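J.: I have a structure here, written as structure tokens, and I will follow up with some questions on it.
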Ligand code: PAF
């Protein structure tokens with residue numbers, strides 16, 4: 001496995017693989033890889049002849065008061081994870097390799113980006129779509145793999161790929177959890193021991209919601225109240241949002257009569273964590 005830093009090196013490698021008729025899978029990441037990323041890389045290596053992992057903390061998807069500088073980085077550790085999981089190439093560019101100083105192109109997926117995390121992080125999805133479309137153009141993968149923990153991101157990227165005719169299959173992969181239920185996230189590293197315990201409230205509140213839906217509750221506001229009440233029982237938790245939206249368009253659902261995404265964002269101390277599940281009728 002090789003780590004390269006320039007677009008030219010990636011393109012040279014891809015050209016060689018394409019001449020051999022090999023298929024290519026892409027896993028885009030911001031590094032500090034955990035078992036969630038590992039599962040994406042493993043799946044990509046099962047379904048493609050070669051796997052590229054991009055490791056790039058993308059500045060354009062962070063708002064002015066977000067954690068761009070503090071975002072954890074450990075390329076050596078990431079290289080070990082990638083190699084073990086079956087990656088063939090890591091693309092680890094500097095911001096100057098990815099962005100021209102006078103870049104003037106934006107990628108905006110309207111509608112789907114307006115609610116949920118998009119409402120709280122106004123520049124986020126523009127930055128994600130821009131960088132992901134650049135990675136798609138650089139790597140030209142057959143398939144690209146994204147985690148369902150970032151459910152809105154997955155929906156937005158699927159829409160972007162459809163709308164812009166990228167010839168790439170987008171593969172959504174299940175959320176990977178710690179043994180006690182906390183969804184894996186690079187940001188879990190920010191949590192103190194006490195906060196780490198408190199963070200279990202996200203999964204616990206979602207489990208209560210699941211239970212009430214399985215028992216037949218169809219009023220989205222009642223299900224949201226169940227989640228909010230549980231989250232409020234944890235003193236270190238501060239609700240950012242609790243939403244139940246139609247899975248197909250991410251618009252708020254009121255009566256639950258088709259598949260919905262139940263999504264939450266919660267501050268545990270200063271760390272913002274997200275989690276979700278999809279309920280299918
Ligand atoms: O999900 C992430 O880690 C990032 O949003 C992504 C897709 C790598 C783009 O920077």
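Cβ atoms are placed via backbone N, Cα and C, with glycine included.
Feature table excerpt (TrEMBL):
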{"type": "BINDING", "residues": "30-37, 147-150, 176, 184-187", "note": "ATP binding site"}
{"type": "ACT_SITE", "residues": "37", "note": "active site, proton donor"}
{"type": "BINDING", "residues": "61, 153", "note": "(R)-pantoate binding site"}
{"type": "BINDING", "residues": "61", "note": "beta-alanine binding site"}
J.: For residue 30 (ATP binding site), write down the residues of its own chain that are at least 6 apart in sequence and whose Cβ falls under 8 Å from its Cβ; none is a fine answer.
T.: 55, 56, 57, 58, 71, 186
J.: Do any of the recorded positions 33, 37, 148 touch ligand 1, in the sense that the CB is under 6 Å from one of its atoms?
T.: none
J.: DSSP on residue 61 ((R)-pantoate binding site), three-state: which is it?
T.: helix
J.: How many whole Å apart are the CA atoms of residue 33 (ATP binding site) and residue 153 ((R)-pantoate binding site)?
T.: 18
J.: Restricting the comparison to the recorded positions 37, 61, 153, which residue's C-alpha is spatially nearest the C-alpha of residue 176 (ATP binding site)?
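T.: Of all the candidates listed, 37 is nearest in space.
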J.: Between residue 37 (active site, proton donor) and residue 148 (ATP binding site), what is the CA-CA distance rounded to a whole number of Å?
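T.: Residue 37 (active site, proton donor) and residue 148 (ATP binding site) have their Cα atoms 11 Å apart.
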J.: Just how many other Cβ atoms lie inside 10 Å of the Cβ on residue 61 ((R)-pantoate binding site)?
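T.: The answer is 21.
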J.: Only counting partners 6 or more residues apart, tell me which same-chain residues put their Cβ under 8 Å from the Cβ of residue 36 (ATP binding site).
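T.: Listed in sequence order: 147, 149, 175, 176, 183, 184, 185.
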J.: Including all protein chains shown, what's the count of other C-beta atoms within 10 A of the C-beta of residue 33 (ATP binding site)?
T.: 26
J.: With H, G and I counted as helix, E and B as strand and the rest as coil, say where DSSP puts residue 176 (ATP binding site).
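T.: Its secondary structure by DSSP: coil.
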